[in-house]
Amino acid sequence: MSTPNCSNPGSLPFLLTGIPGLEGLHVWISIPFCLTYLVTLLGNGLVLLTVRLDKGLHEPMFYFIAMLAAIDLIFSTAVVPKMLGVFWWDSREISFEACFTQMFFIHTFTAVESGVLLAMSLDRYVAICNPLRYSSILTGSRAAQMGLLCLARGAGVMTPLMCLLTSLSYCRARVIPHSYCEHMAVVELACGDPTATDLYSLTVATLLVGMDSVFITFSYAMILRSVMRLPSQEARLKALRTCGSHVSIILIFYIGGLLSMYLQMFSSSLAPHVQVLVADLYLTVPPMLNPLIYGMKVKQVQEGISRLLVGLRGSQAAEDR
């Protein structure tokens with residue numbers, strides 16, 4: 001039996017296929033992804049600018065929303081431009097370094113977003129269950145520290161994973177049947193034994209995303225318990241409305257992530273193009289929906305964006321005169 005033809009890890013690029021079996025439709029498929037990316041840039045950029053300029057939004061809750069917007073911008077930009085390059089210009093080649101850099105950003109900011117969602121659930125827990133102490137427990141500086149902690153945690157646990165992945169040798173047939181450097185598809189190209197990498201990635205996913213989701217569920221169980229004890233139905237509905245947008249984003253993030261992961265794990269029962277399209281949609285749709293959800297459901301953000309747009313329109317009118 002011949003051994004796999006392997007090479008030095010840094011000597012050859014990888015090749016992305018885009019959507020397997022639908023290469024002739026890449027240009028048409030690219031249209032919704034391009035529009036989604038533009039909405040992501042506009043929506044999240046507008047949220048960041050609004051929170052930055054509107055002093056009425058300089059509170060922990062809105063700082064966390066701004067963090068989420070920044071994560072979505074970085075996350076999308078790490079994936080979509082290269083994806084569109086594959087669709088538009090058949091720019092399939094991606095260097096070894098660029099491939100693992102993209103993977104690092106995807107994994108790191110997935111972990112960071114999970115941490116920020118946990119921080120947001122703690123924010124809502126304190127605001128509803130202990131409102132009199134909210135301003136003393138959660139300050140702007142503490143929100144910033146929590147955000148930095150989420151970033152450090154994500155980068156800290158993903159750096160060893162990237163070291164494990166890049167230490168493997170990869171076979172010369174370096175074709176990745178995806179539109180980006182998808183983790184499982186890349187590991188399948190390894191010549192060596194990826195057991196240590198698989199074990200580490202599974203442990204990280206369980207401890208980070210798994211424990212975050214458990215704590216978020218517990219926070220909202222306590223919130224629901226406190227809300228049900230409020231004296232009037234109007235007060236209960238008002239308290240629940242403040243959590244509606246956050247719960248929507250949590251469900252999109254975790255349910256979408258689980259769906260995408262299980263489809264990658266049990267890909268043999270699905271057509272390749274369906275598997276890849278689901279993975280692409282998970283990376284592109286939630287970052288677009290997050291600012292839309294907050295813009296529609298969080299009254300203060302909606303009003304802040306309106307004030308910003310009115311101010312920009314007034315400045316433009318003054319310049320035209």
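The backbone N, Cα and C atoms fix where each Cβ goes, glycine too.
Because TrEMBL annotations are produced automatically, they should be read as predictions rather than curated entries.
Residues or ranges marked as domain 'G-protein coupled receptors family 1 profile' in TrEMBL: 43-294. What TrEMBL lists as transmembrane segment is 25-49, 61-84, 104-127, 148-170, 199-223, 243-264, 270-289.
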When you look at the transmembrane segment (199-223) alongside the transmembrane segment (25-49), do they share 3+ Cβ pairs under 8 Å, ignoring any pair fewer than 6 residues apart in sequence? no
Is it true that the transmembrane segment (61-84) and the transmembrane segment (270-289) have 3 or more Cβ pairs under 8 Å, skipping pairs fewer than 6 apart in sequence? yes
Predicted model, mean pLDDT over the domain 'G-protein coupled receptors family 1 profile' (43-294): 89
